[in-house]
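S.K.: For reference, the structure I am asking about is given below.
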Amino acid sequence: MKIARVIVDVPTSQTNRLFDYTIPDKYQDVLTVGMRVIVPFGPRKIMGFVLDITSESKLNKLKNVQDVLDLTPVLTKELLDVGKWLAESTLCFYVSAFQAMLPQVLKAKYDKELWLLAEVEELSPQLESLFAGRGVIPYEEIQEHNVSYSAIQKAVKEGILEIHYQVNSKETKKTETYITNALEEMELEEKYATMPPQAKKQRQIIAFFLEHPGEIKQKELLHRLSTTRASLKPLLDKGVLQTIQREVYRDPYQDREYQPTTPFPLTEEQAAAIDPIHTSISNHTHETFLLHGVTGSGKTEVYLQSIQHVLDKGQEAIVLVPEIALTPQMVERFKGRFGSRVAVLHSALSKGEKFDEWRKVQRKEVQVVVGARSAIFAPFENLGIVIIDEEHESSYKQEDYPRYHARDVAIYRAKHHTCPVVLGSATPTLESYARAQKGVYTLLSLPKRMNNASMPQVERIDMREELHAGNRSMFSRDLFEKMEDRLQKGEQTVLFLNRRGYSTFVMCRDCGHVMECPHCDIALTYHRKSERLKCHYCSYEEAMPTECPSCESDSIRYFGTGTQKIEESLQQLLPEARIIRMDVDTTRRKGSHERLLTKFGNQEADILLGTQMIAKGLDFANVTLVGVLAADAMLHLPDFRSAEKTFQLLTQVSGRAGRHTLPGEVVIQSYTPEHYSIDLASQYDYEAFFLKEMKVRKMFQYPPYYFLTLITVSHGNHLYTMDVTQKMTQFLKEQLSEQSVVLGPSPSPLARIKDRYRYQTMIKYKNEPGLHKAMNRLFQLYEDQINQNDLQISVDFQPYQMM
DNA sequence: AGCACGCCGACT
DNA sequence: GTCGGCGTGCTC
């Protein structure tokens, strides 16, 4: 007897283990490990993942697997192992890990239905009106019709009703209708001859199939004969023709043409960098490379040629790109080189499109995947290389369950496939660079730009001096002059506003009252278009007040600087400039991101003004000036990485200027231009920054010298939250070794979100083998309170965001 | 999670 | 007596 061992889709600690089911005969040959099944679980039916197939079970009474959802496994053996590892190392449930590795549409949807078993005459008037002549109704209607639950329960006991649990897969396949001839040529000719003379269109259609037998897309057929389904239908009904449903992929890139590119000759530096990668590929060894290359040094070409090498060996490649940099320009480079061998996975695709791209990988129809974080789970079985571009990007760390870092998953998978990992960046994380220095990673350097272009000249402006000189605008005199100059020369400018920490908040000028979200302890953001205040954490919103709710003064107004406000003042200062603004508001609609960039690329605008999203990957020949409006905006956030993030951002933004023949210039405005992150970024001195920042990290016991684990406790009651965190901190101090530092409890930087108070405890440690055990014990200790008291405890090993 | 079971107080 | 509240424990 064959037995399936299943992880069920019930994310709780009590069900986070294998359940055994017998496999009925009809599934004996088709069911394999890694498929999704439907199994009975208590009174209901749920989805589960088959992790193992054995012949024995400790229990003697097993239920049957009820249904098999897949024809081929959705998770390979390797990915099942990755999922187990992921769940155990990030402390999440097995199901959650497996779900995170698959496209959204493969998640099961559950429906409950009420089935009528008895004759209508036997029903109580209440039930009769509930069913209203139907045999099956959705369970939710019980509530809608105000029928009591006990009445239903009674009816179920009496055998009048039955509750049915339905598992619905959300996956849909898109099909297109094709038409083909159902008859042989001879019969077709006969039909043609015997067709009544008034059936002109039908004769035309038959004539078409006599000439071109075989199948044709219905749409195309109708178009070519300029007719409609009305004249096709009788032929289908008579069985002269027939329809075929063909599955098609929703290919988001199908209507685009990509200029095929060929490998560029490599510079000496590039050749030197690619050589060790090629050796690793050829020798089939696992090694992690850190490719440190300044912006514009041609990292992408190194990626492309490494991938080519992998493809030549008949292997596959995964390329990770930060979500925000997954621009059409980027996609174009990969599609241009590898054409239809590339699948693209990113969040701008619809669920269906993502599923289709994923399936191309599953069916081995592509060999290269370019995508954001979750593309690291692409179900390749013969992986030859993993490339992570912009390795330092925080978007590689998932901030909710499972809290994994794509870099760790990449290295884990690459070990399994014994293949290289390439981490690329102009500004590597201190962790990675330190590892490269220690020899854990192999450092490869591209210190020069291609075409011997020099890095643009950077000028730092002290905005305090501007203020003293009487300039109260957002633009320094220098930056303004330079913008005017570019406008005259017909060259383009990119203006970057670091919005983090500088959003538009509303304050009363009389009493200093700031409008805050009533649920989140966060200042509300003013949206000019709707004249409303919105919370960016819980989407609470309210109207802009006309007077201060605290002192009733009418001089309440918004402060801070948003892109909208800058656009307005810029338009006033330079009325003839054509400005494109790119921020969350102007790029919300699908494709608008791309459209705006194309417009700027075609030089239909002089100034591109934007937030974070324009910092990466843009490459426009005519851009000769880059302005950073508030370089220190995020320098003072409560995050030990703020200096590193500032350095990375400034370096990246500077790289947008002068990428081709025209020389570029960069103006960095800030209130603390002497800060080492701004100073060294303006000199493009990564090495010096690394050394300086390492000293700071050592002094304050932060990564990469120490590991961090952040535990956040949240609950609706303030005192209770504090109390739990306090006790928990004490517990951890007892559990962990003396070398580990346990800090806390302290209020989280976001002290309240959605009416939940948040406290945190931080653990700093160098070597703490018992950490995972201690965490598991912690969860056991608080299990009851988590389940019953709505207490939340979240653990983040190696947190990226401190908030 | 979702549900049954069981115990308790409040009501026709 | 029974209806409905919620704490407890189980799901192969």
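Placed from the backbone N, Cα and C atoms, the Cβ positions cover glycine too.
According to TrEMBL, the record shows the following:
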- A:280-446: domain 'Helicase ATP-binding' (DOMAIN)
- A:Cys508, A:Cys511, A:Cys548, A:Cys551: Zn(2+) 1 binding site (BINDING)
- A:Cys517, A:Cys520, A:Cys535, A:Cys538: Zn(2+) 2 binding site (BINDING)
- A:543-697: domain 'Helicase C-terminal' (DOMAIN)
S.K.: Between the binding-site residues A:Cys508, A:Cys511, A:Cys517, A:Cys548, A:Cys551, whose Cβ has more other Cβ atoms within 10 Å than any of the rest?
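M.R.: Sorting the candidates by Cβ neighbours within 10 Å, the top entry is A:Cys517.
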S.K.: Using the Cβ centroid of A:Cys508, A:Cys511, A:Cys548, A:Cys551 as the reference point for the Zn(2+) 1 site, which residues of the same chain not in that list have Cβ within 8 Å?
M.R.: A:Arg509, A:Asp510, A:Gly512, A:His513, A:Pro549, A:Ser550, A:Glu552, A:Ser553, A:Ser555, A:Ile556
S.K.: Helix, strand or coil: which one is A:Cys548 (Zn(2+) 1 binding site) in, per DSSP?
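M.R.: Looking at the DSSP assignment, A:Cys548 (Zn(2+) 1 binding site) belongs to neither helix nor strand, so coil.
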S.K.: In whole Å, how far does the CA atom of A:Cys551 (Zn(2+) 1 binding site) lie from that of A:Cys517 (Zn(2+) 2 binding site)?
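M.R.: Cα of A:Cys551 (Zn(2+) 1 binding site) to Cα of A:Cys517 (Zn(2+) 2 binding site) measures 18 Å after rounding.
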S.K.: Using the alpha carbons only, what distance in Å do you get between A:Cys508 (Zn(2+) 1 binding site) and A:Cys517 (Zn(2+) 2 binding site) once rounded?
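M.R.: Approximately 15 Å lies between the Cα of A:Cys508 (Zn(2+) 1 binding site) and that of A:Cys517 (Zn(2+) 2 binding site).
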S.K.: According to DSSP, which of helix, strand or coil covers A:Cys511 (Zn(2+) 1 binding site)?
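M.R.: DSSP assigns A:Cys511 (Zn(2+) 1 binding site) to coil.
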S.K.: Any idea what the Cα distance is from A:Cys511 (Zn(2+) 1 binding site) over to A:Cys517 (Zn(2+) 2 binding site), rounded to a whole Å?
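M.R.: Just about 18 Å between their Cα atoms.
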S.K.: Could you tell me the C-alpha distance between A:Cys517 (Zn(2+) 2 binding site) and A:Cys548 (Zn(2+) 1 binding site) in angstrom, no decimals?
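M.R.: The Cα atom of A:Cys517 (Zn(2+) 2 binding site) is 15 Å away from the Cα atom of A:Cys548 (Zn(2+) 1 binding site).
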